[in-house]
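Taken from TrEMBL, the feature domain 'CAAX prenyl protease 2/Lysostaphin resistance protein A-like' covers 101-202. Look at TrEMBL and you will find 26-47, 67-84, 96-116, 136-156, 163-183, 189-212 tagged as transmembrane segment.
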């Protein structure tokens, strides 16, 4: 292959890799709007009963660290899932340690979304299923499936089945792991919240940006 052809191919690959300012702004808007809504929920819960919210909803109490094995799994689950995502979505993997204005919004979104999702998908949902008399296995499966579907629904609505299925599968597995973590923590929600926050802190806003820009599998120019 001639030098001119190599240059031409590299330019094409580099162009495919670049993310438009429009996509970045849209990602910031989506994450910002989501963060405002979820922060409002957290504030509402806190104002209703501050002590209950901190000690029960967030699980910040004297029993939070009674189960060391749970905190070991926090490390394994969070770093394991980040590693998987970085390999499965190269676009995300290459930006794990990139900092920008979009990352600031991503940090906000990571914290509030993790708190709300764990309260809803683990604490509220699994405790309700438990009160209905169903086994721990059923609780974990239902929590995982609903968590996975909730994260893949927006892609399904766009008709992108090939993209949606891997998302649903991977987030269902993550949901199952976080549900398992909730159980071995004796239903103390702090460990799942921390694991979820650690994951989102690393992969957002890049996962959302990859979805909006549709660059799931694009690798950078330097890796070509």
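Using the three backbone atoms N, Cα and C, a Cβ is placed for every residue, glycine included.
Remember, TrEMBL labels are computer predictions, not curated facts.
Would you situate these features in the structure and describe their surroundings?
Below 8 angstroms of C-beta separation, residues 96, 170, 174, 177-178, 180-181, 184-186, 188, 191, 194-196, 198-199, 202-203 of the same chain, each at least six residues beyond the ends of the transmembrane segment (67-84), sit close to that stretch.
A Cβ distance under 8 Å defines the sequence-distant neighbours of the transmembrane segment (163-183), meaning residues of its chain 6+ beyond its ends; these are 70, 73-74, 77, 81, 84-85, 88, 118, 121-123, 126, 136, 139-141, 143-149, 151-152, 155-156, 189, 191-192, 195-196, 199, 211, 216.
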Quick one: do the transmembrane segment (26-47) and the transmembrane segment (189-212) have at least 3 Cβ pairs under 8 Å, skipping pairs fewer than 6 apart in sequence?
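They do touch: at least three Cβ pairs between the two stretches lie under 8 Å.
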Mean pLDDT over the domain 'CAAX prenyl protease 2/Lysostaphin resistance protein A-like' (101-202): what is the value?
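Mean pLDDT, the domain 'CAAX prenyl protease 2/Lysostaphin resistance protein A-like' (101-202): 92.
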Could you pull out which residues elsewhere in the chain have a CB under 8 Å from any CB of the transmembrane segment (136-156), counting only those six or more residues past its ends?
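Sequence-remote neighbours of the transmembrane segment (136-156) are 117, 121-122, 125-126, 129-130, 163-165, 167-176, 178-180, 183, 211.
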